[in-house]
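The feature compositional bias 'Basic residues' is assigned by TrEMBL to 305-315. What TrEMBL records for 316-334 is compositional bias 'Basic and acidic residues'. What TrEMBL records for 262-290 is domain 'C3H1-type'. According to TrEMBL, the feature region 'Disordered' maps to 305-346, 360-381. The zinc finger annotation in TrEMBL covers 262-290.
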């Protein structure tokens, strides 16, 4: 069971010291946000959004939840983490209109709007107002996150970063290159995207959050059973007076024997590939993640055996060409063992890749004003994109979804800890360079074979608001 500490307006000050202590002692910080789609009142959408961001982003203005996982690495066994999870319920203090479908969706997946409006921690978007960073607020807590200089972990995290910046830091800059320059200075220890890591490092067949988490947990359990190097997660023993703040989430894997009855129901191909289905809970096919992984593992093993057999047969028939074989055998054998180059793909419904969240954000846009390549998507694409992100964040509860308040950040942190363990097991020097070099400052872009690089180029400048905030952070830190 995973204990999630529910933080709201009536206990925010009480929990503040423990949150800061956890933040400053953490190995890394995993963050996830939940947003409610809608529009601001008064100014309309266009004047309030950065030119490089599509309108759909700014129909998701109010952040309702911020989930934070703070894994600390105690001086005990290697790869043993003491994990603390905080779920901050927030309330935007600016006027806005929400979409009924968005509210309905969140309610169906357990979000409590009564608690948000009665106990939500207040915040406002954009730049600071007066000396508010001297008080205990969400904006101050975000500044403490920057001061801590810890690696920041997200899953499919570009939109999360946009909203964290806009809601708790400053107005978004006009250029994407300025935004990435600011981020690179805000988080010098690096930003890491577990969706990118799931596709390009662990090479999972799917990379949506619950799939990647359960896949990592399965593989870690195998390592544990074989007495190999494995990940161990521990949790705090909270005092009795905090029990009313603690919500427990179950994270155990389902036993294959318990879900065999569902084998008669075919797996939903769309949900299997992308973690969402337009039919939602009305879909007649199975959305059970354990069954999906079982099926994927079986198909992957069959394909691997076929490739290996084909490689051996080809090697035997081409014995005279030894020189060529010596040059190509290593790569061919690797392909025979692991499959095609690049991240593996599910081909069953890959035409939905057109519903990318930010498919038009590319590194080539870095050095010019982004009004020139505005990314306004077609309505059908926007709808599919929104559904995909929401379903990745909130799986159908009737079919085994583990997503609920606070747990998404835990899954994100678990994935990154597992990937770090695998990479470190390859004798990587942890003291030299970035924490995880292959994933350092790379954000996943849907439908793209290259990530968005979080860097400050020679042709970009930091924003004025960011420069002022950084001076404040180190002057009062």
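Cβ atoms here come from the backbone N, Cα and C positions, even for glycine.
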Within the zinc finger (262-290), residues counted as helix, strand or coil by DSSP:
14 helix, 2 strand, 13 coil
Can you break down the compositional bias 'Basic residues' (305-315) into helix, strand and coil residue counts using DSSP?
11 helix, 0 strand, 0 coil
Roughly where does the domain 'C3H1-type' (262-290) sit in mean pLDDT, to the nearest integer?
83
